[in-house]
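Per Swiss-Prot, the features are:
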| type | residues | note |
| --- | --- | --- |
| BINDING | R54, G55, A56, R95, Q208, N259, K260 | substrate binding site |
| SITE | C169 | site 'Transition state stabilizer' |
| ACT_SITE | D249 | active site, proton donor |
Amino acid sequence: MTATDPAPTRPIWLADDKKRVQIIDQRMLPHNLVIVDLTTVDQVIEAIGEMMVRGAPLIGVTGAFGVFIAVQNALERGDFEAQVRKECLRIKEARPTAVNLAWGVDRVCAAVFSKTLPADCLAAALAEASAIAEEEVDNCRRIGVHGVGLIETISRQKGGKTVNVLTHCNAGWLACVEHGTATAPIYKAFEKRIDIHVWVDETRPLNQGARLTAWELGQRGVAHTVITDNAGGHLMQHGMVDMVIVGTDRSTYTGDVANKVGTYLKALAARDNNIPFYVALPSSTFDWEMTDGLAQIPIEERNPDEVRCVEGLCPDGRVEKVRIVPENSRAANYAFDVTPARLVTGFITERGVCGAGRDQVLALFPEKR
């Protein structure tokens, strides 16, 4: 399958045999569209750790289906419960920053151990994992419904002229299950025929913006321009950005936001230029225990080779990785940074838009008080 073939409408799904879980290997996009089967917990952990799947909601859904796979493979073992619990712990450790992973795994694990018969455990695992996936689809749909009003307001203020939105990394359907978080309001605006254009940060070192967000927007026909990571401030200074919408891998209910490294710099530039900076997320991405994002959210450090090397398409169609850093130079690869609540204009959630503060968030989610 190549990237010119009709694309799947989701990045993860259950195969027709109801045993295999299938994913898009997002490392291969945009040049090749590769589908991978997941049948073991080791494969699930590799898919998450190596970023075949990525994005907080999708990581949570993948972890949930990982528990289903763990149950399936443990059915014939005498130590069924111990084995499943061990595998659940392994899945939760695949990546540290996205809070959805532990949330999804724990939900399915609880459903499994509410049953006594192994066959019922398997059915419960599949039902709960599937429910989580569908909930995230609906959450993202509603994020779009609530967020599009912000874009409509700017469009009216500009007399129908183009609304320019800047986004960072990929918080589209590839990072979720459908719709996306940051892209959901954009897609909804496009459906409403609002004149909209998206500035897409390339998002070094793995270029999720250039590779994935640009590919997504192109598939939908949404006008977009890929820019270098450091160009956003310049565009803001010259009135070429109307708003910023990003996703998040973990946000505290007090308003601090962990997202792909570079997000903090965009928030600083937006504040300096009086540009609204919104974070789109489902409630599953809130950490309801943490109160200080900078001090408490774990920041993943990935392989330095991701910084030292870059992949690209050769004229003959081959995808090759080349080194761009001197051999004797060290590299550091912090995957995320934390944007403090004071720089965030608001959260766009499935329940509505609110300010980035404890009282505002809890007003939307009173059951978390």
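From the backbone N, Cα and C atoms, a Cβ is placed for every residue, glycine too.
Positions of Swiss-Prot features highlighted on the structure.
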| residue | record | Cβ within 10 Å |
| --- | --- | --- |
| R54 | substrate binding site | 26 |
| G55 | substrate binding site | 31 |
| A56 | substrate binding site | 31 |
| R95 | substrate binding site | 21 |
| C169 | site 'Transition state stabilizer' | 30 |
| Q208 | substrate binding site | 27 |
| D249 | active site, proton donor | 30 |
| N259 | substrate binding site | 27 |
| K260 | substrate binding site | 26 |
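On a Cα basis, C169 (site 'Transition state stabilizer') lies 12 Å away from A56 (substrate binding site).
It is 11 Å from the Cα atom of D249 (active site, proton donor) to that of R95 (substrate binding site).
Neighbouring residues of the recorded substrate site, listed in sequence order and excluding R54, G55, A56, R95, Q208, N259, K260, comprise I59, T97, A98, C169, N170, A171, A175, G247, D249, A335, F336 (Cβ within 8 Å of the Cβ centroid). Within the set R54, G55, A56, R95, Q208, N259, K260 that the record links to substrate, no two Cα atoms are more than 17 Å apart, and one pair reaches that distance. Calculated from their C-alpha atoms, the gap between N259 (substrate binding site) and C169 (site 'Transition state stabilizer') amounts to 9 Å. On a Cα basis, C169 (site 'Transition state stabilizer') lies 10 Å away from G55 (substrate binding site). Here C169 (site 'Transition state stabilizer') is positioned 6 angstrom away from K260 (substrate binding site), judged by their C-alpha atoms.
Put simply, C169 (site 'Transition state stabilizer') is 17 Å from R95 (substrate binding site) when counted between their Cα atoms.
Looking at Q208 (substrate binding site) and C169 (site 'Transition state stabilizer'), their Cα atoms lie 5 Å from each other.
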